[in-house]
């Protein structure tokens with residue numbers, strides 16, 4: 001009898017410890033309670049069992065669970081997992097600083113949705129000087145895993161409507177829009193399986209981050225208003241990043257599919273699908289006066305680019321008050337383009353600068369050791385017969401530029417035209433100067449229409 005009494009007392013003590021400090025609607029499942037983990041939806045074949053934290057979900061789009069989410073993150077930190085359950089919605093209406101993380105998993109099977117309270121978010125956010133960027137939240141620390149079958153929803157329609165007709169790089173722009181997912185001072189971050197939907201601005205922005213990977217992610221931005229389409233909803237943007245991997249991912253947005261920015265090194269991309277985008281881009285870099293920018297050691301393979309402005313693109317700023325730097329050791333291999341305005345383009349007259357200004361104040365960003373190999377498909381014909389425009393600045397070095405096995409055609413006619421100006425050495429294929437009278441008309445058309453945003 002004493003044994004059973006002691007056992008009952010022990011069980012009572014354990015239960016009291018387990019619920020101590022819980023907030024309403026929350027619970028914690030021990031890692032060894034496999035039955036409870038399975039019942040809650042926290043059992044995952046690819047991930048080991050962990051102490052799992054569950055928080056209450058939102059009862060409506062007005063039910064902000066930001067405080068619950070932050071509590072859940074803190075409770076799951078240091079070896080646990082926060083589970084956002086399938087079929088449930090979690091509304092975030094307050095900015096969140098999540099830069100204290102260490103060894104945490106977030107299993108997103110439900111929907112994590114931000115409010116569209118524009119006045120609140122424009123007054124309460126995390127601000128970055130680079131291109132006047134803001135975010136709802138920021139994730140930092142080390143060993144952070146986000147996975148699942150759920151949705152991270154930026155709720156961007158109101159932002160699209162109110163930003164219509166404006167430009168992100170307009171120096172007078174004051175309508176700042178949040179980025180959907182931001183890492184800052186983070187190491188070893190992985191995101192797998194989720195959908196990222198309708199970001200108000202860039203979808204992902206990684207700042208001072210090392211070793212971040214995305215696998216099997218779907219990024220999508222669409223508008224229900226034909227006169228207010230999503231703008232600047234880039235798939236991936238970086239700043240001071242070493243080690244970015246993107247694999248088996250689909251991107252259906254209205255801007256760059258991929259766009260590493262200043263001081264990004266060691267990028268690996270494989271099996272990427274992009275629709276309606278501005279290309280798998282390097283840059284832009286060289287924007288800020290006197291600042292050295294670098295992009296280096298990039299491998300991009302097995303990419304499909306459909307119905308877009310650009311395919312494989314490198315872009316650098318020109319003008320009287322810009323920076324300098326280099327894009328070096330970049331390989332594009334096995335790239336399939338269809339109905340794409342500029343299948344291959346080196347753009348050293350970025351952003352919003354005409355040919356006369358660019359000639360007067362050329363770029364100081366070097367493009368070196370750039371390989372385009374096994375590039376095939378069709379242009380849109382919007383740039384005439386030009387399928388590749390490789391034009392370098394007289395102030396910069398363009399060397400080691402190589403094209404191999406290029407099989408691109410244009411519906412505007414044959415033969416397709418590859419333009420090369422200012423490049424040092426043989427590029428490996430026949431190309432023509434833009435001053436050639438037989439190509440000048442197509443080139444002028446291409447450059448007059450070339451996208452500048």
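Placement of Cβ uses the backbone N, Cα and C atoms for every residue, glycine included.
According to Swiss-Prot, the features are:
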- 185: N-linked glycosylation site (CARBOHYD)
- 225: N-linked glycosylation site (CARBOHYD)
- 255: active site, proton donor (ACT_SITE)
- 257-274: disulfide bond (DISULFID)
- 263: N-linked glycosylation site (CARBOHYD)
- 275: N-linked glycosylation site (CARBOHYD)
- 278: active site (ACT_SITE)
- 295-316: repeat 'PbH1 1' (REPEAT)
- 302: N-linked glycosylation site (CARBOHYD)
- 327-348: repeat 'PbH1 2' (REPEAT)
- 329: N-linked glycosylation site (CARBOHYD)
- 354: N-linked glycosylation site (CARBOHYD)
- 366: N-linked glycosylation site (CARBOHYD)
- 392-398: disulfide bond (DISULFID)
- 436: N-linked glycosylation site (CARBOHYD)
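Distribution of Swiss-Prot features across the structure.
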{"residue": "185", "record": "N-linked glycosylation site", "Cβ within 10 Å": "15"}
{"residue": "225", "record": "N-linked glycosylation site", "Cβ within 10 Å": "10"}
{"residue": "255", "record": "active site, proton donor", "Cβ within 10 Å": "27"}
{"residue": "263", "record": "N-linked glycosylation site", "Cβ within 10 Å": "19"}
{"residue": "275", "record": "N-linked glycosylation site", "Cβ within 10 Å": "16"}
{"residue": "302", "record": "N-linked glycosylation site", "Cβ within 10 Å": "16"}
{"residue": "354", "record": "N-linked glycosylation site", "Cβ within 10 Å": "11"}
{"residue": "366", "record": "N-linked glycosylation site", "Cβ within 10 Å": "22"}
{"residue": "392", "record": "disulfide bond", "Cβ within 10 Å": "23"}
{"residue": "436", "record": "N-linked glycosylation site", "Cβ within 10 Å": "13"}
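Rounded to a whole number, the distance between the Cα atoms of residue 257 (disulfide bond) and residue 275 (N-linked glycosylation site) is 8 Å. It is 28 Å from the Cα atom of residue 436 (N-linked glycosylation site) to that of residue 278 (active site). The 10 Å shell around the Cβ of residue 398 (disulfide bond) contains 24 further Cβ atoms across the protein chains shown. On a Cα basis, residue 366 (N-linked glycosylation site) lies 11 Å away from residue 329 (N-linked glycosylation site).
Counting residues of the repeat 'PbH1 2' (327-348) by DSSP class, helix then strand then coil, yields 0 helix, 21 strand, 1 coil. Within the repeat 'PbH1 1' (295-316), the DSSP-based counts of helix, strand and coil residues read 0 helix, 19 strand, 3 coil. Using a 10 angstroms CA-CA radius around the residue listed as 'active site, proton donor', the recorded positions that qualify from 185, 225, 278 are 278. Nearest neighbour of residue 257 (disulfide bond) by Cα distance, taken over the glycosylation sites 225, 302, 354, 366: 302.
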